[in-house]
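In what follows, a structure is listed as structure tokens, so that the remarks can point back to it.
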Amino acid sequence: MKFPEFKDYYQQLISTSSISSTDSSWDEGNAEVINKLAQWCEDLGCEVEIEEIEKGKLNLLAKLGSGEGGLLLAGHTDTVPYDEGRWNYEPHALTEANDRFYGLGTADMKGFFAFILEAIKNINWKDQSKPLYILATCDEETTMLGARHFASNTKIQPDYCIIGEPTSLKPIRGHKGHVANAIRVTGKSGHSSDPAHGVNALEIMNEIMFALMTLKNKLVKEYHNPGFSIPYPTLNLGHIHGGDSPNRICGCCELHYDVRPLPGISLDGLDNMLRDALKEIEAKWPGRIDITPLHEPIPGYECSADSPIVTSTADICGQDVETVNYCTEAPFLQDLCPTLVLGPGSIEQAHQPDEYLAFSFIDPTISILSKLMYKHCF
């Protein structure tokens, strides 16, 4: 059988739109790209399972070989929406220019699957002793639905996992989590000349912001991980809106904030800290304060520095293992087995106009993936 060339894989992945978004006008699902991956994997001898988690939202698990343990190579098939007016290249076409592949998903991260397929083609699998798994998930860019569902329901037990997010081929063994909430204060509007006839939502929010800043300082003092460039949890007040006129008592105010917890800080524990910080204000103003998550919270993630996958992958890549501050699906897959994040392209290209992958990543990525397959499947 004649298999597609590397560039053909890449072209078809990028030209197949698979945008996920909380805005229903953008949200597309990923069925078409999953079906293409399924056919390619089957052509290479893999057993393929496809699961529809929600309508149009699919996960794919491919397995090459048999036995216990092995290696799981994982990634997401969805992309973010795009602003066409800011792109100089067609987002859903693979454009070659400036020694780069341009297109939506070239770095983040549909293109990674082309590297996996190319590495599989280049290996003689005759003496394989452990399975290779390929996981392609849905909705990483929104809810991480695919990874959450897979980690909670799968029966496979690989020895190790590599997630191919763009890390410039530097192995990543940890990152912070992300929690984002909206706090809405409902006051009572009225004319500013008589404050007693109203309840000023901005004044209540001022108390809340002071409490959050106190919590921010507490997080800095009480939690520390020297493995991170910013070694403490961060809390940021990112957006606020309230009121409509200087001579009117503010009847409503809303604040959006986020927290990036270190690995080891549980989401329940963090939520309790946030609630404790506001409990006196909530008691003072009953029924006027609502806290709503802006997305499903993501825990921090850390793979032990002593794990064999850490040392062996660092040797294969010739790079020191690092930690980062952005989020991936790693916290969920780490529940299955020791997990690293490692892939071609730069995170600086993620979610940007004219997203690209430099040609200089192509040969090293195929080489690294081939070595990882030999290391953990033979």
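Glycine is no exception: its Cβ is also placed from the backbone N, Cα and C atoms.
Site annotation for Zn(2+) 1 in Swiss-Prot covers Asp108, Glu165, and the matching candidate from His76, His92, His191 is His76.
For the Zn(2+) 2 site, Swiss-Prot records Asp108, Glu141, and the single candidate of His295, His351 listed with them is His351. Here the C-alpha separation of Glu165 (Zn(2+) 1 binding site) and His351 (Zn(2+) 2 binding site) works out to 13 Å. Taking a C-beta cut-off of under 8 Å and a sequence gap of six or more, His351 (Zn(2+) 2 binding site) has these contacts in its own chain: Val80, Asp108. Look at the active-site residues Asp78, Glu140 and count other Cβ atoms within 10 Å of each Cβ; Glu140 has the fewest. Listed in chain order, the residues near the Zn(2+) 1 site other than His76, Asp108, Glu165 are Gly75, Met109, Phe112, Glu140, Glu141, Ile163, Gly164, Pro166, Thr328, Gly343, Ala350, each with its Cβ within 8 Å of the site Cβ centroid.
Between the C-alpha atoms of Glu141 (Zn(2+) 2 binding site) and Asp78 (active site), the distance comes to 7 Å.
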